[in-house]
């Protein structure tokens, strides 16, 4: 339906006919297309929301409800558009408002079609289409024209009672019209304030802001006479909006003479009293200097002479470096055992050189010269000898091994020791008692060893004699026999008849010797 009541089929043509001029919205460019066909169930139960149209009886005389009710039901039953009942109801209420009839249908929708507004605006179901702002309050402009002086009502978000829109851009509601300041706050007409180093006021007639720079005091002329100082314009500390001319140090304008310091000195920087330029100078480090090397106090300073030198904390008045104190070198002339202090030409101190070997014994250390030998008093069989080769000293020991000695094989009274005191010796008996061996089968109780067994035995003669004893006044007989002195048991396996074996034990002779026995008395 067009605004004049003509019913047409084209939705696009109908929508464009309802377009109204809006001077506050320069970007309105409606794009309307023909709607797609709405599919809905033929036997759909109308919602309670669509039935609200029949309660709006005050509008039925100017806007027939039946077409809009059917459209609402069709929207609610559509599978593609199931939530468009609110739009259908809003359309019908808008048509009623255009004909000067106010309907408050949203209060009957039980919260299904709530309208949301900005935080400082409220929803009104019926207000005149003309919406005043602080900038349009003196000019009555009809946004939506009325016919026959019938008011046009439009629902929407409005300022609360007693407030008016500041402008038509941000939707801010104010109690008193004023100017919008740079920070977004609202200033009262004729109100003055300061912003960004400017004085600003709100014009009462136009509600426009006018600003002008805040005046600053003129700085007196200044001359910078000290070295390194130049004139600079800087922001005043007590008034950031104003500047002042000050003298400030600029090291780039200084002529700097850097001085290379000698050993033992270090550079320091000071500021001149009549300016700000740095002055370089050299001061002592508090060290000693010797042959191009610095030494800290307490450090040893090497010298070619036979002196021990140390760096002190005392400063030399002439050189302004620390003094070096030297004392004659004390040589260590006491040497350990086996060494001797040998002086060398061109050396401050000589060294101890080895001249002999040192043998360690339980009773103490013994020095043995090169080429000489030594025997410990408790061991005549070990001889220690010191040798030297290419400056290397070696101590070698030689142990003499004695042959087995059987005193029983000696002629009585002839036992003695060798000349070196290591081994025993004697005059041997004519026929010595000795251990001999023979191999034979062992036969016992008709059992026999599988192989011949080595059987040791003693044979030989010993000293046996008879001599008259003057003390006893009779003949004294001494009988010495060749007898086993050590032996042990040995087991051997014997083979009997029927391949039976038995263990047989016999005495194995380990050592033989002459053993004195009691001579038999003659009758």
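Note: Cβ is positioned from N, Cα and C throughout, glycine not excepted.
No curator has checked TrEMBL annotations; they are predicted automatically.
Pulled from TrEMBL, these are the features on record:
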- 447-496: disulfide bond (DISULFID)
- 458-512: disulfide bond (DISULFID)
- 462-514: disulfide bond (DISULFID)
- 179-248: domain 'VWFC' (DOMAIN)
- 286-353: domain 'VWFC' (DOMAIN)
- 426-520: domain 'CTCK' (DOMAIN)
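Across the domain 'VWFC' (179-248), DSSP helix (H, G, I), strand (E, B) and coil residues number 0 helix, 32 strand, 38 coil.
Comparing CA positions across the disulfide-bonded residues 447, 458, 496, the one lying closest to residue 514 (disulfide bond) turns out to be 458. Look at the disulfide-bonded residues 447, 496 and count other Cβ atoms within 10 Å of each Cβ; 496 has the fewest. If you take the Cα of residue 447 (disulfide bond) and the Cα of residue 462 (disulfide bond), they are about 37 angstrom apart, rounded to a whole number.
Neighbour list (residue 458 (disulfide bond), Cβ cut-off 8 Å, at least 6 residues apart, same chain): 433, 434, 435, 436, 482, 483, 484, 509, 512. Summarising model confidence by region, the domain 'CTCK' (426-520) averages a pLDDT of 85. Spacing of residue 496 (disulfide bond) relative to residue 462 (disulfide bond) is 41 Å (Cα to Cα, whole number).
Using DSSP to sort the residues of the domain 'VWFC' (286-353) gives these counts of helix, strand and coil: 0 helix, 31 strand, 37 coil.
Note on the disulfide-bonded residues 462, 512, 514: the fewest other CB atoms within 10 A surround the CB of 462.
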